[in-house]
Structures are given as C-alpha cells and as structure tokens.
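Asker: Quick one: structure below, then a few questions.
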Amino acid sequence: MKATDNTTTGPGWNFDNSYARLPDYLYTRLDPTPVRAPQMAIFNSSLSDALGLATNTLAGDEGVAIFSGNRIPEGAQPICQAYAGHQFGYFTMLGDGRAHLLGEHITPTGQRFDIQLKGSGRTPFSRSGDGRAVLGPMLREYIISEAMHALGISTTRSLAVVTTGEPVYRETPLPGAILTRVAASHIRVGTFEYLAAQGNRDGIRTLAEYTIHRHFPELLQADNPFLALLQTVLEKQVELVVRWLHVGFIHGVMNTDNMALCGESIDYGPCAFMDSYDPDTVFSSIDQDGRYAFARQPAMAQWNVTRFAETLLPVLHDEGEKAVELANRSLATFPDIFQRLRMDGMRAKLGLFTKEDADMSLMQDLLTCMQQNQADYTNTLRDLALETLPDTPFFREPSFTAWHQRWQTRLTRQEEPVEASRALMRAHNPAFIPRNHRVEEALAAAQERHDFTVLEKLLEVLSRPYDDQPEHAEYRQPPPPSEKPYQTFCGT
C-alpha cells in the first residue's frame, strides 16, 4: 500500500496511518503514558538506516523522547488495537494492554511498517495489568528478533529499548523499559476472531479487504480473493514454522493472538532455542502440558489457521455449507505443503541437491540418533559439513557411524561435488544461535550491573550466524549440564 503523504519530518518519519482510517471498533485512540526519566538502553542503527530514518538524531535525546512515549512524532496517530485470541486453546477477548501503535512509517523505497511501543502504559485493554514492561523481557525480544532476522527468518524487528527510570512491580521491583517494535503489520488471527465473536460480518469483510490491499494485492485478481487470502496465510505459516524447526526455535506461546497474517514471527515471550535434540522440548513455565512443544508447532500452526478459516466463513461464500467446503479444501493442503517444505529444508541441511524416496528415513534416523544420545541440534548439523568430524562422543557412537555411512553413500549419488554440498550445508545450518545461557548472561549484566557490553557482543556474534567466526567459538558451546533444565517466562 502506497503512502498518501510523503512529507518527511526532521527525524525522518514518514507516517501514513491506514489502519487508523479503518472503523474505530478495531482500535482505541490513546497516547502513551509519559515516563519520568527515560534513557536509551540500546538503539538499532542499522535498522534505522534501513527504514530511512535520521539515525544520528534518533540515537540521541530526540529518539529517547519518542521511544519512551514522552513525545509523539509528527504525523503519528497513536492507537491501541483490539483483538481476541485462543490462549492455550481457550478463547478470550484481549487487545493491546500495554502497547501503542504510533503509526505506519513509509520507507524511501515505499515499504510500510508499523511502529509500535511496547510497555508504554495502560490502555482500555489492560484489564488488571499496569501497562508496563520490564527491562529483561524487552531486551530479550530485541536479542531474539534480531537473531531471527540474521538467520533469514521472517520476523518483527526491534528498533530500540529505553529504560523508563521507573520501577515495575512484579514479584519484586524491576527496572521498567519500553521496546520499539517494527512490524509489517500487527494484524493477527485474533483480530479476525475479535470481529467474529461480535458477529461483525461487515467488519470481517472490511478487515480482510484491508489485509489483502496491504499485504497481498496480487490476490485482488483471484476468483475468490478471501479464499486466496486463507490459502496464502496458510502457506506463509507453514513456511514460517518450517524455518523455526530448521533452527531449533520454540516459540512457546503460539496462541492465535500471536499469529500475524503477514507471516512474521511475533511476540517473543517464553521462546528459546533447543540445545540437545528432543522433539518434546518445552521451555515455557506456563506450558505445563507441552501444547507448544518443539514438534507440536506445525500442528498448532494448522490449528491456528483453522481458527482463521472459521472467521472467514461468512465472506468465503453466501451458502454456509459451500463456505465450509471451500475452507476445508484449503486447510487440507497444510500437511502436504509442510512435508514438502520440511523435506526441502532438511535436504539442504544435509547437503542434498536431489530427491530420493529414502530421504525421509535418512533425516528421521539422524534425528532419532541425536535424541537417543542427547546430541546438540545446532552443532551436530553444522559439524556435518566439516571435512573431518570433531572427535566427540556422539560422532563415535556406532549408531551415528552407521548413519554417517548411509549419508556418505547418498551424497555420492549426486553429480554435485562434495564441496558444493558442504557449502549448501553451511548456508542452511547456523554456527551460532542465541544460546539460552548466553542470553541470560547478557540480560543479567544489563539488569543487575547496567552493563550492556555483554549484550552488544552477543548481538555482534548473532548478526553473522552462518559465518564460522572461530574467534567467538565459545558462543557455540551448549550450556554446562549444571544449568539444565532451562525455563522461560512470559514477562507480562
């Protein structure tokens, strides 16, 4: 969607707030609550440059004032978005309880991005919450979202974190902070569920049309644009979850309000990256039943897309039975698309340029071997690309040795040279992920000692995840056994 006003202000903002022109039942107009003594904790200069902003200006007092909510930039129209969601399977009405969407910034190349403050004060959707956020979780989202971007995975980005100079009261007083999130949009499955719960058929049509115009204008040419929207959202979610699996990422809270229709990873609460391979891995303290465990993420994505399909039924077809038939036909494509993308990705991770029927068992047997021996997921796959395998207990295991011989034989049936396979593997198997103990180390230094050098060093390493970086080899190491099991928390 193109900007209607290309006026650029001093800091480089170029706001055109199309969502705020939608019916007001989708949001509430409200400014952020000012804070006492904001300071810049971290500022993403490279992202600022990419957005066409005046980086030098925003890195100083001007940025602190804007990113804290103390100053509304010219052209912004702050709103709090309404949405609902299925949280761990249970439906509830929600909304931005501690966030304000400043508006949509248009880059010099015509790209449109939401600029949202998170932790910016109470809203009509806050319920019993205080509308504030704690420094640790905001820095955590900054680290993980930027790492995901470097890994090549579609994600929201983090432009800045400011401290507020005010305590936030959880179990104990903690330093308050506000994150500035950059997203293609914040249209969620839960946004459609909010309208469906109210029986607002016209609202569903309006929001669906807006989503198509904003994100998928090519669908306007489809025979049934709303059905095409469902199929496109489904395919984007499959692709996203497959990419998560390939790097060992566990979102932790795949509620429908945390599924963005644009296909970006969003809301990095109790997320984490898997160390030793186990498909049942759960990190979130609130996921007691393992609903969002590593291997269950594809099924949960399909469940979420099904909830989206239900909201679209009134606009898919005038006849109810026909609408259900169309939706089910689209939803039925999920398993095959997932299997194809999953296998394509795993072939690349194993250096395979060609397809054979036995590739599925080759992949699964490796994962089973890794699980049985508690092998590190990231390091094992990365090290397979080496000419000589490291002398580790796992690589000496008879079960792995037998698998390795099968894999070597499979490689010989390709025309591509071995070095081409190794290059393919290095491009698809990161050497560096945000190791949980390294993330906690950086957060502790920032929160307890106000030392951001540990975090900055971690971000530097994570910005080049596919490079060997032998000088940073310690960042590849899994946590010592004494630090397991690792547990994450929501941070709300």
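Even glycines carry a Cβ here, placed using N, Cα and C.
These numbers come from a predicted model, not from an experiment.
Pulled these features from Swiss-Prot for this protein:
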type     : residues                                          : note
ACT_SITE : D257                                              : active site, proton acceptor
BINDING  : G95, G97, R98, K118, D130, G131, R181, R188, D267 : ATP binding site
BINDING  : N258, D267                                        : Mg(2+) binding site
REGION   : 466-492                                           : region 'Disordered'
Asker: Whole-number Å distance between the CA of D267 (ATP binding site) and the CA of N258 (Mg(2+) binding site)?
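Answerer: Cα to Cα, D267 (ATP binding site) and N258 (Mg(2+) binding site) are separated by 6 Å.
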Asker: Measuring Cα to Cα, how far is G95 (ATP binding site) from N258 (Mg(2+) binding site) in Å?
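Answerer: Here the two Cα atoms lie 11 Å apart.
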Asker: Whose Cβ, among the recorded positions D130, D257, has more other Cβ atoms within 10 Å than any of the rest?
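Answerer: Per the Cβ count within 10 Å, the most buried is D257.
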Asker: List, in sequence order, those binding-site residues among R98, D130, R181 whose Cα sits within 10 Å of the Cα of the residue listed as 'active site, proton acceptor'.
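Answerer: So the list reads none.
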